[in-house]
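Right, one structure below, let's go through it.
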Amino acid sequence: MEKLQEPIVTSSSSSPSPHSSSFASLGAYGRALAETHRRLGRRAASVTTTYEEMSRVRARSGADMARSLRWPDLVGFGLGGMVGAGVFVATGRAARLYAGPAIVLSYAIAGLCALLSAFCYTEFAVDMPVAGGAFSYLRVTFGEFAAFLTGANLIMEYVFSNAAVARSFTAYLGTAIGVDTAAKWRITIIGLPKGFNQIDLLAVAVIVLISMCICYSTKESSVLNMVLTAIHIAFILFIIVMGFWRGDVRNLTHPAKPAESPGGFLPYGVAGVFNGAAMVYLSYIGYDAVSTMAEEVREPARDIPIGVSGSVAVVALLYCLMAVSMSMLVPYDAIDKESPFSAAFRGSDGWGWVSNVIGAGASFGILTSLLVSMLGQARYLCVIGRSGVVPAWLAQVHPKTSTPVNASAFLG
C-alpha cells in the first residue's frame, strides 16, 4: 500500500510533490507541466483508502469542519436541493408529450430510481464520511483519473447550472409581483453578442449573499435553508390543495379534444409512462449534494441514511401529489408545456392571482436550490484541493468559521 500511495504523499528530487510544490510558483508549475506524462502514468490508477481519506488527506485542510449537522438538517438540505423550479416546468412537458394523466406514475417510478441511487450515496457516505462526495468515492475505487474527470464535470455542472438558476430567479420573482423583470432589471452591455449581453444585477446580488452565508457558517446556512424550504413547501401544499379543490376527476381520463388526442389514464401506454419518468427524473437531482455534508454530521451512521433517503421519499410524495393536482386541473392535452401550474389558474375566472402565488413559491425554491448547490460545489472543490489536482489553498478550512471559505468564495 505504501508503494501505491507514494505518488500522492511523498516527494523526490526528480519530481516535486503534487501537494506542496506544483503550485508553489510559476517555475514549479512549469516543471510540473513538463512531467505531466510521468505524473499522469503514476497517479492515474492509484487509489486511496477510506482511512487515508478520513485522516491524512483530510488533514491537508488544516482546521476540521464543525460537526454540527443532524438528520433534520440533512432532510432540509435534501428538500431544498431537489424541490426547485424544475418541477414547475418538467411536469407539464412530460404530461403533455409522453405520459398524460399517468404522469403521477412517472414521478413514482423516477422517485424509486432516485431512492435506489440515494441508497448508494448513503452507503458510501456512512462508510467514508468526508466532504468529497462522488469524487472521494471514486478515488478509493477507480483511482485518481476517474475521480478527476468526475470532479471536473461536477464543478462545471454546479457553476453553470447555478448561474442559470440564479438568472431564472429574476423571471420567477417578476411573475410573483407582476413586473417584466427581464426587461427592467437587467442591464444591456453594448458590444457583446446578443443573448450574452445582459447583466442580471439581482442574480449577482443573490449569489453574493448566499456565498457570504455559506462562508460564515454551515449550521447557520442550514437554519436559513430550513426557513426558506418551509416557506416553499407551504406554497407547494397550497398548490396541491387548490388543484384538488378546483380540479375535476374527469380530466384524469378525458382529453380536451377527444378527436385529436387519445383518451384514458394511459393515453400513450406504458412506454409513455417510462419516457415521462426519464424526463421528470431531473426534478430529483440534488440529493447528491447532501452527501458532501457527511464530514459535518454528528452521527453519520444514523443521520446520513435518514437525511438522504428520507428527503428523497418526501420529495417523491410531494411530486406525485403535484402531478395528480395538475392532471385534475387541466386535461393533459391542454396543459401549458412551459408553465403548467401558472397557466392552469391564469385562465380561470377570479383565480389569476394564484399564478402570482406560484411564481413566489418557485422563487423560494430557487433560493433553496442555490443554497444547497453552492454548499455542495464548495465541498467538492475543497476535497479536490486536498488531492493536489488544484492549488491546496482551495482546500483550506477557516479555523473560526469551520467552513471551506476559499473554495466557497472562489466559486461564488
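Each residue, glycine too, has its Cβ placed from N, Cα and C.
Here is what TrEMBL records for this protein:
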- 11-22: compositional bias 'Low complexity' (COMPBIAS)
- 1-23: region 'Disordered' (REGION)
- 74-92: transmembrane segment (TRANSMEM)
- 104-124: transmembrane segment (TRANSMEM)
- 136-156: transmembrane segment (TRANSMEM)
- 168-187: transmembrane segment (TRANSMEM)
- 199-216: transmembrane segment (TRANSMEM)
- 223-245: transmembrane segment (TRANSMEM)
- 265-285: transmembrane segment (TRANSMEM)
- 306-330: transmembrane segment (TRANSMEM)
- 350-372: transmembrane segment (TRANSMEM)
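Counting only same-chain residues 6+ beyond the ends of the transmembrane segment (136-156), those with a CB under 8 A from a CB of the stretch are 8, 40, 43-50, 53, 124, 128, 130, 377, 380-381, 383-384, 387, 389, 411. Non-local neighbours of the transmembrane segment (223-245) in the same chain are 72-73, 76-77, 79-80, 83, 213, 318, 321-322, 324-326, 328-329, 341, 344-345, 354, 357-358, 360-362, 364-365, 367-368, 371-372; each lies 6+ residues outside the stretch with a CB under 8 Å from one of its CB atoms. The transmembrane segment (104-124) and the transmembrane segment (199-216) are not in contact, since fewer than 3 Cβ pairs between them lie under 8 Å (pairs 6 or more apart in sequence). Of the recorded ranges 74-92, 168-187, 306-330, the transmembrane segment (199-216) has the largest number of C-beta contacts under 8 angstroms with 168-187. Annotation: stretch 306-330 has the most Cβ pairs under 8 Å to the transmembrane segment (74-92), among 168-187, 265-285, 306-330, 350-372. Note on the transmembrane segment (306-330): residues 71, 73-79, 82-83, 87, 91-92, 95, 100-101, 103-104, 106-108, 110-112, 114-115, 118-119, 121-122, 125, 233, 236, 239-240, 242-244, 246-249, 251-252, 256, 280, 283-284, 287, 290-291, 297, 340-341, 343-345 of its chain, located 6 or more positions outside it, place their CB under 8 angstroms from a CB of the stretch.
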